[in-house]
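Asks: Input: one structure, supplied below.
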Ligand SMILES: [Zn+2]
């Protein structure tokens with residue numbers, strides 16, 4: 001169970017009247033005790049009332065115990081999730097990696113400090129950067145500082161719904177944003193957002209004429225303008241736009257297709273392909289801006305330290321390393337000498353940086369020792385699968401997917 005799921009289970013226990021800390025007790029006091037009191041006051045037989053109350057109290061006690069069981073179970077769930085997310089033996093892993101010792105050389109230590117400072121600067125934690133400068137004696141790079149400050153300022157404006165500084169940046173970098181091979185759609189999406197946010201239709205049309213028409217050849221401008229017919233003035237409440245309405249990369253959106261997340265306008269019974277501007281879209285727009293800004297200045301799109309920690313901790317790579325070390329021990333040798341992880345680490349799609357090849361015959365993922373090989377026909381197999389076809393000293397083999405023969409020497413190794 002993931003930590004967040006385990007915490008949600010705890011929260012639902014706390015908010016449910018039958019298991020919250022005061023729930024069963026409140027029922028006991030409010031209901032049974034006060035009823036008993038009233039009965040006594042009205043002159044009912046005290047012995048009967050009390051024995052009745054006793055029964056109720058016993059029942060309430062049972063309820064509390066049942067609730068407690070739920071709590072112990074949920075708390076145990078949180079403990080297990082934490083243990084699963086963070087390897088319990090961090091010191092052991094650290095020792096295993098410490099041969100040869102890590103971060104001993106001066107330049108290695110400086111590089112680590114720089115990575116930490118970069119990470120803090122990206123988050124705008126300038127006080128922490130200053131403290132780090134003092135502690136390490138390093139001065140944070142001026143150029144990086146001013147870039148991080150500018151990015152932080154523009155993103156801050158965007159978070160406040162103010163897009164003019166982002167547009168200004170686009171104007172200053174028009175040539176870069178337009179240049180192949182990755183012309184950017186950022187200016188279009190900025191103007192699109194402003195267009196959709198203008199409540200007055202005629203004002204919106206004027207805006208579209210001067211700012212959106214230049215994108216006519218590359219973006220679905222006419223559809224966008226027409227969509228104003230379907231959008232009720234500034235009522236984003238029915239919109240369920242997801243972050244996918246903006247392209248995540250910087251590919252030019254040359255397609256005339258509207259974004260795929262069509263929103264059904266319940267009142268009109270028609271599909272409005274252009275959801276109104278809402279918070280989620282602004283977040284995507286900010287991410288898009290961040291991406292372009294980093295690309296412009298050759299900065300990594302994501303904080304490298306953040307990615308490493310995310311993959312190691314939440315992604316579970318460290319837990320896998322630790323498990324492999326525990327299970328297979330010495331047989332695997334020094335961890336630092338491992339060429340690949342002995343077990344698979346499942347990663348979300350956003351964290352997959354390299355293409356992998358899975359052999360269509362053996363269904364195994366290609367490795368250094370079993371690389372992909374392309375046959376004369378263009379079909380690709382893992383090397384071992386091709387060798388199997390060559391069994392019995394044959395010089396050539398027929399492709400399993402088409403009738404073309406490939407001689408042993410003609411198969412070529414592929415590099416992804
Ligand atoms: Zn073939």
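Each residue, glycine too, has its Cβ placed from N, Cα and C.
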Asks: Look up region 'Disordered' in TrEMBL and report which of 240-262, 263-285, 286-308, 309-331 it refers to.
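Replies: The listed stretch tagged region 'Disordered' in TrEMBL is 240-262.
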Asks: When you get a sec, could you say which of 183-226, 359-402 is annotated zinc finger by TrEMBL?
Replies: 359-402
Asks: Which residue counts does DSSP yield for the domain 'RING-Gid-type' (359-402) in the helix, strand and coil classes, in that order?
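Replies: Within the domain 'RING-Gid-type' (359-402) the tally stands at 7 helix, 10 strand, 27 coil.
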Asks: Where does the mean pLDDT land for the domain 'RING-Gid-type' (359-402)?
Replies: 91
